[in-house]
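**Student:** One structure coming up, written as structure tokens, with questions to follow.
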2 protein chains.
Amino acid sequence: MLEELEELSSYGADAEGGVTRLLYTDPWLQAQRVVISKMQQLGLEANFDAVGNVFGTLPGSQPETKPILTGSHIDTVKNGGKYDGAFGVVASMMALGYLKAAYGTPKRTLEAVSFCEEEGSRFPLAYWGSGHVTGTRSLLLATEIADQDGVTLLEAMRQAGFDATANGQPYPAKREFIGGYIEIHIEQGSILTYKKKQIGIVTAIVGQIRLTVQVSGSSNHAGTTPMRMRKDALAGAAEMVAITEQMALEAGEPLVATVGRLEVKRGTSNVVPGEVEFTLDIRHTDEPEMRTFCVRLLTKLEEIALRRGLTIETVQNLHASPVAMQEGLSNAIEAACEAAGIQNMRLPSGAGHDAQLFGPLCPSAMIFVPSVGGISHSPEEFTEAADLIAGFHTLVHVLHQYGYGGKADERL
Amino acid sequence: MLEELEELSSYGADAEGGVTRLLYTDPWLQAQRVVISKMQQLGLEANFDAVGNVFGTLPGSQPETKPILTGSHIDTVKNGGKYDGAFGVVASMMALGYLKAAYGTPKRTLEAVSFCEEEGSRFPLAYWGSGHVTGTRSLLLATEIADQDGVTLLEAMRQAGFDATANGQPYPAKREFIGGYIEIHIEQGSILTYKKKQIGIVTAIVGQIRLTVQVSGSSNHAGTTPMRMRKDALAGAAEMVAITEQMALEAGEPLVATVGRLEVKRGTSNVVPGEVEFTLDIRHTDEPEMRTFCVRLLTKLEEIALRRGLTIETVQNLHASPVAMQEGLSNAIEAACEAAGIQNMRLPSGAGHDAQLFGPLCPSAMIFVPSVGGISHSPEEFTEAADLIAGFHTLVHVLHQYGYGGKADERL
């Protein structure tokens, strides 16, 4: 498995030592073709779907039982790492290959999937792959959205050989008959390392509210304007950043609130700033708590602005609800860890994943393996081999149960 | 005088309704030539000096008495206003013209001066005009410094007709025999308006310390990094901005401290910021107090960084000492105001002026007139006609005293 991961990372290997596989580019196409050929070598029925997702099927003996999908995404961010997405793709197909070799035909059909796109790195949209499979994305967007070079998503699809009918109808990529979805992925955080666990079982994928806040005051001469006569937009914004951090700390985990971008408009060392813009990113596994925090925070920001004679304007750019993972699948993952003596814990996912599109449609679960230093989206992204293997072992165990074992006859 | 000011603003009038007269450009040269011709019409002996300053002399009958210089600068910032610098130039030459017409030859020689440069808008240096007259600037810099287009200061001088000998010797622009310097200028702040005064008498030009502060933490995923595991450089910088404002408010006037520029490196809404750079601009009329404040503030910033697991690096970009204006000249200005029933007050200048180069060499003073809304360096820069006239009246009165009256025989 480690060798396959290494080989996959050669497709899209970039000059900076990372991996860049953007949707529908040549390295991307090569990687998906390699995935198909590996799946076939492992004895799976493998092919592209209409938009470029790759499915590798291990057909079961009970076709009336809904299949379980397992996989992740093949695309990367620009100059990303070897593990994000790719580990889930490789682990999934090899798990099915191993199960077929060891146990033959399963009762329930198992399918490994390599989604064409999740990161949103080339086009300004994400989940293009799992979005099609779950019916939450359609080709209607493909003519409207273009990459940095002005190539539309539809043109890019066609260039990669995915020639859509493009008559405005949803593309026939949606899958109706799915029993469950299990995804193994790197944590992209430091909690597992900090808690000394090899496996994380995801309780929920956090919801997210993204806002842009514009603070306006008066731009003034830094030498001639006494402190008490200022309407300093940056001093106000600094107080807002501080209260955001303080309220997030008080609210406690799993809430996080981040000001990631802050810009002083026309900022010069000798001018009192008149205008500042910053972003707010608020995440929580619980929708009402996320909303309540957001309202309380914005009220505080308004108070700060009012007290300082500043004005603020807020624009909401995103509101995604949290998605819970299924208890049954999660318990099975935990049992598999316990049986093998693998240290594990439950934790929320602060990042988005393909699993969040499946969560509302079918039982879904995620297995996390530790990220050294919490680093991801970087050539330095790394997970210890022992942890990758523990994750793989857990995935195989759970798929065996649902494909061949006691849970193979469970209605999902 | 108002007409002359209006006419002068036509040289360098820009599309945005402001005035742009950068050192040694055509509009600048036209304006200085107009100043010479007006001075000559007013009966002054007028000409350029070697670097492009214009002097208009009203020779006195006692050549052994050191002359008094009065004036300001002809250059502007990009898209500046009609009053900054220009008002002082126009008021000074017209004051001398008026005195000559009304009182004839003075005892003490009086000179109106239009400095070639003060703003630092074209080349990265300021006080090129008064710096030469006071001997604090030399041509040694002129070959090393270039404008945005790569034109060196020396080339620009030559193109404007000021052909230096350029053999590494200081240019013969330094004046050795000066009795005093009086400058009238717009306040560029709101204190006079706020205090309902027509005239401000400058006590001192503030000293200034400029620093750049670099805050480094850890760049991390905004979703997967719990609040307590962050080393957020922006949250730390925000606390530093807040403490700067708080300590400056506590220190009280005339101290001001400003964070004018703050930049989040590679700032993105979904990433915890790893690196932030901001500027600090600290001003005070008292050198020891300015230094003490600066040391106390930097100690606080270090404490904040240490507590948060961040590191900071500080670079000092400027340290200019405060320059006191002379008590005798300032008292004479006050007496002139009182005699005419003009509401006046003492105040420090938070901005830099040509007078700060004369302060250490000879008795120097500044007269401020109010800036509506405190606005300067903008086409919206404005001073009420009544206030311009009050300032002019005061200047004439003081120059009369030192040129013709009771103070004409005073040793300066």
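Backbone N, Cα and C atoms are what each Cβ position is placed from, and that goes for glycine too.
Just so you know, TrEMBL annotations are computer predictions that nobody has curated.
Annotation source TrEMBL lists Zn(2+) 1 binding site at A:HIS73, A:ASP84, A:HIS185. Sequence annotations record features per position, and here TrEMBL assigns Zn(2+) 2 binding site to A:ASP84, A:GLU119, A:HIS377. The allantoate binding site annotation in TrEMBL covers A:ARG210, A:ASN270, A:ARG283.
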**Student:** Just to be sure I understand the packing, how many Cβ atoms besides its own are within 10 Å of the Cβ of A:HIS185 (Zn(2+) 1 binding site)?
**Tutor:** 28
**Student:** Which of the binding-site residues A:HIS73, A:GLU119, A:HIS185, A:ARG210, A:ARG283 have a Cβ lying under 8 Å from any Cβ of chain B?
**Tutor:** A:ARG210, A:ARG283
**Student:** Rounded to the nearest angstrom, how far is the Cα of A:ASN270 (allantoate binding site) from the Cα of A:ASP84 (Zn(2+) 1 binding site)?
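**Tutor:** A:ASN270 (allantoate binding site) has its Cα 45 Å from the Cα of A:ASP84 (Zn(2+) 1 binding site).
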**Student:** Please report how many Å separate the Cα atom of A:GLU119 (Zn(2+) 2 binding site) from that of A:HIS73 (Zn(2+) 1 binding site), as a whole number.
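**Tutor:** A:HIS73 (Zn(2+) 1 binding site) has its Cα 9 Å from the Cα of A:GLU119 (Zn(2+) 2 binding site).
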**Student:** Just counting, how many other CB atoms are there within 10 A of the CB of A:HIS73 (Zn(2+) 1 binding site)?
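**Tutor:** There are 29 such Cβ atoms around A:HIS73 (Zn(2+) 1 binding site).
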**Student:** Quick one: among the binding-site residues A:ASP84, A:GLU119, which has the most Cβ atoms sitting within 10 Å of its own Cβ?
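**Tutor:** Of the binding-site residues A:ASP84, A:GLU119, the most buried by Cβ count within 10 Å is A:ASP84.
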**Student:** About how far apart, in whole Å, are the alpha carbons (Cα) of A:ARG283 (allantoate binding site) and A:HIS377 (Zn(2+) 2 binding site)?
**Tutor:** 19
**Student:** When DSSP is mapped onto helix/strand/coil, what comes out for A:GLU119 (Zn(2+) 2 binding site)?
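**Tutor:** The residue in question, A:GLU119 (Zn(2+) 2 binding site), is coil (DSSP, three-state).
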**Student:** Of the binding-site residues A:ARG210, A:ASN270, A:HIS377, which one has its Cα closest to the Cα of A:HIS73 (Zn(2+) 1 binding site)?
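**Tutor:** Closest candidate to A:HIS73 (Zn(2+) 1 binding site), judged by Cα separation, is A:HIS377.
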**Student:** Give the distance between the Cα atoms of A:HIS377 (Zn(2+) 2 binding site) and A:HIS185 (Zn(2+) 1 binding site), rounded to the nearest whole Å.
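**Tutor:** Here the two Cα atoms lie 13 Å apart.
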**Student:** Starting from the Zn(2+) 1 site formed by A:HIS73, A:ASP84, A:HIS185, give every other residue of that chain whose CB sits within 8 Å of the mean position of their CB atoms, in sequence order.
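**Tutor:** Here the nearby residues are A:SER72, A:TYR83, A:GLY85, A:ALA86, A:PHE87, A:GLY88, A:GLU118, A:ILE186, A:HIS353, A:ASP354.
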**Student:** C-alpha of A:ARG210 (allantoate binding site) to C-alpha of A:HIS185 (Zn(2+) 1 binding site): distance in Å?
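**Tutor:** Between the Cα atoms of A:ARG210 (allantoate binding site) and A:HIS185 (Zn(2+) 1 binding site), the distance comes to 24 Å.
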**Student:** Whose Cβ lies within 8 Å of the mean position of the Cβ atoms of A:ASP84, A:GLU119, A:HIS377, the Zn(2+) 2 site, other than those residues?
**Tutor:** A:THR76, A:VAL77, A:GLY80, A:GLY81, A:GLY85, A:SER121, A:GLN188, A:SER376
**Student:** Using Cβ atoms only, which residues of the same chain lie under 8 Å from A:ASN270 (allantoate binding site) while being at least 6 residues apart in sequence?
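**Tutor:** In sequence order, A:HIS221, A:ALA222, A:GLY223 meet the Cβ cut-off.
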**Student:** With DSSP assignments reduced to helix, strand and coil, which class does A:ASN270 (allantoate binding site) get?
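**Tutor:** Its secondary structure by DSSP: coil.
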**Student:** Please give the greatest C-alpha separation between any two of the allantoate-binding residues A:ARG210, A:ASN270, A:ARG283, in angstrom, as a whole number.
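**Tutor:** Output for allantoate binders A:ARG210, A:ASN270, A:ARG283: max Cα distance 37 Å.
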**Student:** Return the count of C-beta atoms lying within 10 angstroms of the C-beta of A:ARG210 (allantoate binding site), excluding that atom itself.
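**Tutor:** There are 20 such Cβ atoms around A:ARG210 (allantoate binding site).
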